[in-house]
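Straight from TrEMBL, the features:
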ACT_SITE  A:Pro2  active site, schiff-base intermediate with DNA
ACT_SITE  A:Glu3  active site, proton donor
ACT_SITE  A:Lys61  active site, proton donor
ACT_SITE  A:Arg268  active site, proton donor
BINDING   A:His96, A:Arg116, A:Lys158  DNA binding site
DOMAIN    A:2-119  domain 'Formamidopyrimidine-DNA glycosylase catalytic'
DOMAIN    A:244-278  domain 'FPG-type'
Amino acid sequence: MPELPEVEVVRRGLAQWVAGREIATAEVLHPRAIRRHVPGATEFAARLKGRTVISAERRGKYLWLPLSGAEEALMAHLGMSGQLLVVDPHAPLEKHLRVRLGFTDGGPDLRFVDQRTFGHVMLTALVDGVPEPISHIAPDPFEEAFDDEAFTAGLRRKRTEIKRALLDQSLISGVGNIYADEALWLARLHWARPTQTLTRPKIAELLAAVREVMGAALAQGGTSFDSLYVNVNGESGYFDRSLEVYGRRDQPCSRCGTPIRREAFMNRSSYSCPTCQRRPR
DNA sequence: GCAATTACCTGAGGGC
DNA sequence: TGCCCTCAGGTAATTG
């Protein structure tokens, strides 16, 4: 599923292929895809018609396209299986096509395709340049607005486990299950480590690890493990970046050779090295 | 107010 | 062949 590096690849594609173009038609093929757009499909389509896409922006895993005419944007979250495809308007409709935008220039459609329907799109007001529904989430660690000190202080105030805090959007956004495991491995931290026991230097190390693993994936255009994800041009955005722990159950840790363990965590999986990442007492 | 848990959703893959 | 179960997991909503 798309995590931050993959979403950034999509954003770049949107900036290249969609920005500057005027929307002619908007078609909602599945109501669930716009479930967070309260006024409904008819209003959604009417409000998009005639608007020009200004640019493509991102915070964490949220994408949005600011529109001409008002402080408003078309916002999207890809969920687990969402794709934004730029395809020939005459191309056959995808099986899981949810929303389709046509443009006045007669060029390629922008299509929102989503098998598992965890993703969604909506029209929303921009407040200081950020969509109103996501004003409560923290900036992601690659934004200039990200405040390392606020993250550190906030983490030490929390009374929870470190991985929960990483996945929670309130202190840092854009970190999903895969990169949380990868960053914790790099920083030699067990996922259940209580946040209030982390020292400032250790938090700095963790933050550097988060940026390292996501930055490396970003430099290569994303990571590779799920064929559902396709980037804005309809081609795989994933590359063969080897993951150190995620999905590597029973395979040797590259640092010490100990078999990687898989543990149940929040109704999903957590992968770690039993030697490098000691469970807190 | 904060932390923890659950709901949402579809298709792949395994067991029988 | 086909049915049932498990798994994948980000976020909002709900519960504690």
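Positions of Cβ are set from backbone N, Cα and C atoms, glycine also.
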May I have the DSSP-based helix, strand and coil counts for the residues of the domain 'FPG-type' (A:244-278)?
0 helix, 12 strand, 23 coil
With neighbours defined as other CB atoms within 10 A, the best-packed of the recorded positions A:Lys61, A:His96, A:Arg268 is A:Lys61
Starting from A:Glu3 (active site, proton donor), work out which of the recorded positions listed here (A:Lys61, A:His96, A:Arg268) have their Cα within 10 Å, and give them in sequence order.
A:Lys61
Most Cβ neighbours within 10 Å, among the recorded positions A:Pro2, A:Glu3, A:Arg116, goes to A:Pro2
Any idea what the Cα distance is from A:Lys61 (active site, proton donor) over to A:Pro2 (active site, schiff-base intermediate with DNA), rounded to a whole Å?
8
With every protein chain in view, what's the tally of Cβ atoms within 10 Å of the Cβ of A:Lys158 (DNA binding site), excluding that atom itself?
17
Looking only at A:His96, A:Arg116, A:Lys158, the residues listed as binding DNA, what is the longest Cα to Cα distance in Å?
40
